[in-house]
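Engineer: Can you keep this structure in mind? I'll have questions shortly.
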Amino acid sequence: MIAQTANSTASEFSQINPDICIVNYYTNFGKLGLHQDKDESESNLTKGLPFISISIGDTAEFMFGDTRDKDQATKINLESGDVLILGGESRLLFHGVSHVETNTAPSWLKEEMGIRPGRINLTFRQY
Ligand SMILES: O=C(O)CCC(=O)C(=O)O
Ligand SMILES: [Fe+2]
């Protein structure tokens, strides 16, 4: 498994010109099973072009690993404002969301932006 965290910079991955943005909204009961993202073109997947994920709202437990087995997956928290990049050799890692933690969003999102409870995730990709 290739998983680089805080020390990695976006410049280590090939640049993308995103032409797709997928928006997922999770209620506090929301989950997403372990899967690989491989709907993009074969050539861009082969190049390992990254996708870029931005989390907004409540914190999610995000899992990733080499297989679809959630017991073996590594779990990290993705908080509001976190950016996750899966690219290069990590591009086809299995990943998913095991749960969303109720009432963990920054209070200003609710108070000033009127955002509803739960989590929004945006992923930017290049087909
Ligand atoms: O919500 C997330 O952090 C992951 C979303 C995801 O894996 C997807 O949209 O394919
Ligand atoms: Fe995904």
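Backbone N, Cα and C atoms are what each Cβ position is placed from, and that goes for glycine too.
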Engineer: If TrEMBL gives His35, Asp37 as binding Fe cation, which of His95, His99 does it give for that site as well?
Structural biologist: His95
Engineer: When a 10 Å sphere is centred on the Cβ of Asp37 (Fe cation binding site), how many other Cβ atoms does it contain?
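Structural biologist: Result for Asp37 (Fe cation binding site): 17 other Cβ atoms within 10 Å.
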Engineer: Mind checking which of His35, His95 has the fewest other CB atoms within 10 A of its CB? They're the binding-site residues.
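Structural biologist: It is His35 that, of the binding-site residues His35, His95, has the fewest other Cβ atoms within 10 Å.
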Engineer: Report the DSSP secondary-structure composition of the domain 'Fe2OG dioxygenase' (17-127) as helix, strand and coil residue counts.
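Structural biologist: For that range the per-state counts are 14 helix, 47 strand, 50 coil.
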